[in-house]
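> Before anything else, here's the structure in question.
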Amino acid sequence: MDDFLQKFFPDVFRKKQDEGTNQYCKYDSQVLTLFTSSLYVAGLLASFVASYVTRTFGRKPSMLAGGVSFLVGAGVNGGAENVAMLIVGRILLGIGVGFANQSVPVYLSEMAPAKYRGALNIMFQLAVAVGILCANLINYGTGKIIPWGWRLSVGLAAAPAAILTLGSAFLPDTPNSLIERGEFEKGRLMLQKIRGVQAVDEEFGDIVKASEAARKVQHPWRNILQRRYRPHLVMALMIPCFQQLTGINSILFYAPVLFKTLGYSGDASLYSAVITGGVFLLATFVSIAAVDRLGRRKLFLEAGVQMFISQVVIASILGANFGLEGTGNIDKASAAVLVVIICVYVSAFAWSWGPLGWLVPSEIFPLEIRSAGQSINVSVNLFFTFIIAQAFLSMLCLFKFGIFLFFAGWVVMMSFFVYFLLPETKNVPIEEVDRVWRAHPVWGRFIPPVDDTGANQRDNKSSDVELAPSKGAHV
C-alpha cells in the first residue's frame, strides 16, 4: 500500500515510482524485509521457552500464552507511528507464533485417534490457509481506504488472536499431557471422553508406559542427541528446512509485491494474491481427504514433481519476458499463464509440504523427547522462514528469474530425501511409531531391537503399516 510505504519505507516508495528501476529490484530493502522477518526470529527464540512451558504446564497454557502475545502485537502494529513500533509489534506476533506452533500440532496429534490423526492435524494448516486468504481479502479491501487502510489491515490480526486466546482458555488438556504430569485418573477420563468409549485400557497403558519412560528422562535436549534418536533428530532438522526451501514463502509473503514486479497494477496484484490464497485453501482440503488414505509419502512425492515443473515454467516465462536486465513488460497472455502456474505450484505445496511439514514431525517423536523434538522442528522452521523472508527480495534482485530454478533444485533434493529416508506413518498409533523406525531399511540400525525402557511396546500385535522405500515391506 502506497500510504504504508510513504510513511515507513519512503526509499522503497521512490524506487517503486521510478520507471527506470530494474523490475527485479524495486522492493529490495533490508529494512522492509526486516519488518517481515523479525516475526520469525522472535518465534524461533520463543519456541525454546514454549518447549519448557508445553512440557511442564501442558499444551493448553502454551496456546493461551501465544494468543495473548499475538493480541498485544496486533494492537501495537495497528497503532504504529514509526518502524521501531512496527518491528516491536512483529516481535510480539512472533512470540505468539512460536508458542502456538510449538503446542498446537502436538495437541492435535495427541487428541486424535490414529486413523484420523492426519486429517485432524491438517486442520492446523487449514486454519493457516484460511488466514492467508482472509489476509489477502482484507488487504484488497483496506487498500482502497486512504490514508489509514494499512492500520486496519495489520490491526485486524487481533481478531484471530482473540479467538485463539478465548478458545484455548476453554480447551481441555490432552490425556498424554495430564498423564505426563502425574494426573492419571484425569488422563483416563479425558481419554474416555475424546474416544467416546469406556474401554481405553490398551491405549491408556501405552501412554502410561511412554510417560514413565519420559519421566526417567531428565534431559530431553541431551537425550535427543543419542544414537537411538538419530532418525527423529534428522527429521526434526530436515523437514522444516525443506518446507521453507520449497520457496513457498517467497510467493505467499510477497505475492502482491511479486505480481507488481511482474507488471500488474496495484489492484490486480492484490487480486492475484487473493486467487493464490484461495487455491491454497482449496488444495488443503485435498490433503485432508487424502492423507489418511494415500499416506504421507505419496503426497510428498507427487507434489515434488508438480512443484519442480511449475518453478521451471515460472523461471522460463520470466526469463523470456524480462531477461537478465529486468526491463520490459510482460504481455497479458504470459501474465495469465504465470498466475495459473503459480496456482499449480501453490496447490502442490498446500496438499504436501504445507500440512505434512507440521504433521509428520508432530507424530514421530516418542513422548520422552516430544517437547524437545517439536521445539527443534519449530525453531528450524522459523529460522529458515526468517532467512527466506529476509533474503528473498535481495535474491530476486540478484538471481533474477533464476531464483525459481534455485528453489526447483531444492525440491529435487527433498523429494529424494522423502523417497529414501522418510517412513510411512499412516494409521500408526502415535505411541507405536518406533516400530516403523525399527523396521526401516536405513534407520532400523539406529533403533534398539527392544526398547530398554519398555515404552511404546505392545504384545507383538501386527498392524498394516507401509514402510519406505516402496519395497512392499510391512510390520
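Yeah, the Cβs are placed from backbone N, Cα and C, and that goes for glycine too.
Found this in TrEMBL, in case it helps:
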DOMAIN    1-426  domain 'Major facilitator superfamily (MFS) profile'
TRANSMEM  31-50  transmembrane segment
TRANSMEM  62-80  transmembrane segment
TRANSMEM  86-108  transmembrane segment
TRANSMEM  120-138  transmembrane segment
TRANSMEM  150-171  transmembrane segment
TRANSMEM  233-257  transmembrane segment
TRANSMEM  269-291  transmembrane segment
TRANSMEM  303-323  transmembrane segment
TRANSMEM  335-354  transmembrane segment
TRANSMEM  375-395  transmembrane segment
TRANSMEM  401-422  transmembrane segment
REGION    450-475  region 'Disordered'
> Looking only at residues six or more beyond either end of the transmembrane segment (120-138), which have a C-beta under 8 A from one in the stretch?
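Distal contacts: 104-105, 108-109, 111-112, 152-153, 156, 160, 252, 255, 270, 273-274, 276-278, 280-281, 283-285, 287-288, 291, 350, 354-355, 358-359, 362-363.
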> Hey, which bits of the same chain come close to the transmembrane segment (401-422), Cβ under 8 Å, at least six residues off its ends?
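234-235, 238, 242, 245-247, 250, 296-297, 300-301, 304-305, 307-308, 311-312, 314-316, 318-319, 322, 353, 360, 392, 395, 442-443, 468-469.
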> For the transmembrane segment (150-171) and the transmembrane segment (86-108), does the number of C-beta pairs under 8 Å, pairs 6 or more apart in sequence, reach 3 or more?
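Stretch pair touches.
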> Report, as numbers and ranges, which residues of the same chain sit near the transmembrane segment (269-291): CB under 8 Å and 6 or more residues beyond its ends.
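That would be 118-119, 122-123, 125-126, 129-130, 132-133, 135-137, 139-140, 143, 251-252, 255-260, 299, 339, 342-343, 346-352, 354-356, 359, 426.
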> Would the transmembrane segment (86-108) count as touching the transmembrane segment (335-354), if touching means at least three Cβ pairs under 8 Å and pairs must be 6 or more apart in sequence?
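These two segments do not touch.
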> So which residues does the transmembrane segment (335-354) touch in its own chain, when a touch means Cβ under 8 Å and the partner is 6 or more beyond its ends?
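125, 128-129, 242-243, 246, 248, 251-252, 259, 262-264, 272, 275-276, 279-284, 286-287, 290, 299-300, 302-304, 306-307, 310-311, 313-314, 317-318, 414.
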